[in-house]
Amino acid sequence: MEPPMEPSGGEQEPGAVRLLDLPWEDVLLPHILSRVPLRQLLRLQRVSRAFRALVQLHLAGLRRFDAAQVGPQIPRAALAWLLRDAEGLQELALAPCHEWLSDEDLVPVLTRNPQLRSVALAGCGQLSRRALGALAEGCPRLQRLSLAHCDWVDGLALRGLADRCPALEELDLTACRQLKDEAIVYLAQRRGAGLRSLSLAVNANVGDAAVQELARNCPELEHLDLTGCLRVGSDGVRTLAEYCPALRSLRVRHCHHVAEPSLSRLRKRGVDIDVEPPLHQALVLLQDMAGFAPFVNLQV
């Protein structure tokens, strides 16, 4: 694309080359604008019509967009302008928009970007099943999805996701408290074969039935977060140890019904567990209470 003509506002020295005189697609876009933070691009586009056209051309070719690069808060109008022409996004993160992001804001972006592989919508509580339906229907290559703290995610929404996202590998459902065992069981049966990372943290509705079904259907599962899942017990953990050979990390803090014997088999395999063994806990307590730090070997 040739740079549009723009009045210089003054005489140009003979032989001098302005920034905008450089080839846009061969030099400016890949080697200069690709290194400029989004926040600075918003300022740059105000300089002139030519700079605005250059920035818009760059934005149209974005493969990754993280709203956090703009700032902790981003106005609706700014997001709409930044993503107006983007049609090749592969990664999209919109957590800073959580206070106002609606279906009307998000669905057109999803529709224009069917190549999306990673989407982060953590805390976006104004969305609904419609947005998740558009994502599942329009982005068949989706691999990673964060819906943490999205209270609107229910069993029906998760079923639609499980039915239409064959490439799904990583799913964050932290604090999606409407989800119950039945929804997780369905997810495991439909998409378990490809799941590698799953968070069900802070959901008191999730119990052993869901964990056992995940274990039996997710042979490639590497990371599972069950923090605060109060109904999960030792039976679920034992099933994980039996059926999940690829498991690398397990989070069970505040799962008060999970006993050490069910965790010991995973510890022997080197699985990273966020709860210390009872002996270690006792020694730390002894150290704290009696001041025996110089005398207690915590590596017993």
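Glycine residues also receive a Cβ, built from the backbone N, Cα and C atoms like all the rest.
Per Swiss-Prot, the feature domain 'F-box' maps to 19-66.
Annotation comment: Swiss-Prot describes MET1 as N-acetylmethionine.
Taken together, the residues of the region 'Interaction with SMURF1' (113-269) have an average pLDDT of 97. What Swiss-Prot lists as region 'Interaction with SMURF1' is 113-269, and the listing cites similarity to another entry.
Helix, strand and coil residue tallies for the repeat 'LRR 1' (141-162), in that order: 8 helix, 3 strand, 11 coil [DSSP]. Taken from Swiss-Prot, the feature repeat 'LRR 1' applies to 141-162.
Taking Cβ pairs closer than 8 Å, the repeat 'LRR 2' (167-188) reaches residues 117, 122, 140-155, 158-159, 161, 194-207, 209-210, 213-214, 216-218, 225 in its own chain, all 6 or more past its ends. Per Swiss-Prot, repeat 'LRR 2' is recorded for 167-188.
According to DSSP, the repeat 'LRR 3' (194-215) comprises 9 helix, 4 strand, 9 coil. According to Swiss-Prot, the repeat 'LRR 3' annotation covers 194-215.
Sequence annotations record features per position, and here Swiss-Prot assigns repeat 'LRR 4' to 220-241. Note on the repeat 'LRR 4' (220-241): residues 174, 192-208, 210-212, 214, 247-259, 261-263, 265-266, 269, 274 of its chain, located 6 or more positions outside it, place their CB under 8 angstroms from a CB of the stretch.
Distant neighbours of the repeat 'LRR 5' (246-267): 196, 201, 219-238, 240, 273-275, 277-278; these residues of the same chain sit at least 6 beyond its ends, with a Cβ under 8 Å from one of its Cβ atoms. Positions annotated as repeat 'LRR 5' by Swiss-Prot: 246-267.
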